[in-house]
Amino acid sequence: MAGDFPHLSLTVMSHWPKPDSIDPARRNWFPAFSITLEVLTTAVLCARLRSQITKSSGRLAVDDILACTAWLFATLFTASCIVGTMKYGFDRHMWDVPVATYDRAALVEFLAEGAFLLSTCLTKVSALCFYRRLDPPCPKALRWIIYSFIALTVVYSLAFLLYLLLLCHPISAYWKLPDPTHPTQRSCASQRISYPLQGSLSSFSAYYTILIPALVLRNIPMSKSQRLGLRAISLVGLIVVGTGITRTVFLVRMVNSTNGDATWNGFNIFVWSQLECQLSLICASVPFLQRYFSQYPSAPILYISRDSKERNDSVISRVSSSLSGQIKRTLHIRRSSSPRQASISMPQPVEIPEWEFETLQSSSAMNSPVDIDIYDRYLAGKYGPPPPPKDSKDLFDQYRREHGELV
């Protein structure tokens, strides 16, 4: 039969119950579910792009362009699912769907499957590219691991996309049922292995896409709120992995089902595919939204140990250097596209140890030669050999005579 209708034959159809054309069993909540996810994903992606353009470098990076392209294919996938549900019976039992719509239903599913593969592939590559360009940069070994994961994601996605195109010969045999009045040479391969394998690789790729930030960001200092945000993103990422595993389970059930009820068995696959596709894009875009909820991060209070070797430094130089260091770090974290957009944060408090102020306090007793009494004692030789006389002309003349300069 057609490539999208596994185990569908005249023998199987003969065991179906009579179609219910008046009040068939339907799951008509799927359009509202899909539209809600699509709107949420679009809002998050638009906020990400606005953040990149107005609050960052003023231009889009490669990962942003990949995310936008992934959103286009995600939108195509959502539209295909909604059209298939509302017009071609994706939410009904196969025996309640008119036979005349089988071909178009299979074609819509063919387009939806291709759009899903491309969208999830581009989303994961976008997330991996974002981790690659973090500042401070990733270690060289970790960067090569990221490149390897990007290559793996692209290769397996293109392989399954090519398999989808070559599953049936000719390609139109995927969605066209055989016509007894016009017999043609046609053949379709089995999807008993390809569907579970594709679902397993998709779940595995989602897992290592979530694992990368745990490796890259674990040693980077950040505030408590940022750390909590990272954990929340990781939790959403684990939910994406869970949706991929659930989708794989339903794929296995569909290819092993012998009742030929492709629309009813495939409905759960569309639901979990929609969740996986949209949540992946949201998870890849959420890190860019932190600029909307926080100003420049507060610089930590500077503590100087009493055992410091730099005790002779002035207090002013200590304070100025610490404040300038905080300003440099702040500007390094938050760059503005133009000087007008840059806002100066309030100076942060700096704790200065008490011994620094002792260097500025004048002593009650003068201990330098400026003190008249001590200087008189110094001249009297109390602190060492007496000083030379103020008038040294006689000594110079004697030196010149000894060296023949004076007669």
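Numbers run from 1 along the shown chain.
The backbone N, Cα and C atoms fix where each Cβ goes, glycine too.
Residues or ranges marked as compositional bias 'Basic and acidic residues' in TrEMBL: 390-407.
Annotation source TrEMBL lists domain 'Rhodopsin' at 48-294.
Taken from TrEMBL, the feature region 'Disordered' covers 381-407.
Look at TrEMBL and you will find 29-49 (among others) tagged as transmembrane segment.
Within the same chain, residues 28, 30-31, 34-35, 37-38, 41-42, 45, 96-98, 101, 104-105, 108-109, 111-112, 115-116, 118-123, 126, 263, 266-267, 270, 273-274, 277-278, 281 sit at least 6 positions outside the transmembrane segment (70-90) and bring their C-beta atoms closer than 8 Å to a C-beta of that stretch. The transmembrane segment annotation in TrEMBL covers 70-90 (among others).
The transmembrane segment annotation in TrEMBL covers 110-132 (among others).
Residues or ranges marked as transmembrane segment in TrEMBL: 144-175 (among others). Residues 2-4, 103-107, 109-110, 113-114, 117-118, 120-121, 124-125, 128-129, 131-132, 138, 186-189, 191, 194, 198, 201, 205, 208-209, 212 of the same chain sit 6 or more residues outside the transmembrane segment (144-175) yet have a Cβ under 8 Å from a Cβ within it.
The transmembrane segment annotation in TrEMBL covers 195-216 (among others).
Per TrEMBL, the feature transmembrane segment maps to 228-249 (among others). Residues of the same chain lying 6 or more positions beyond the ends of the transmembrane segment (228-249) and with a Cβ under 8 Å from any Cβ of it are 196, 199-200, 202-203, 206-207, 209-210, 213-214, 217, 222, 269, 272-273, 275-276, 279-280, 282-283, 286-287, 290.
Across all of the domain 'Rhodopsin' (48-294), the predicted model scores a mean pLDDT of 85.
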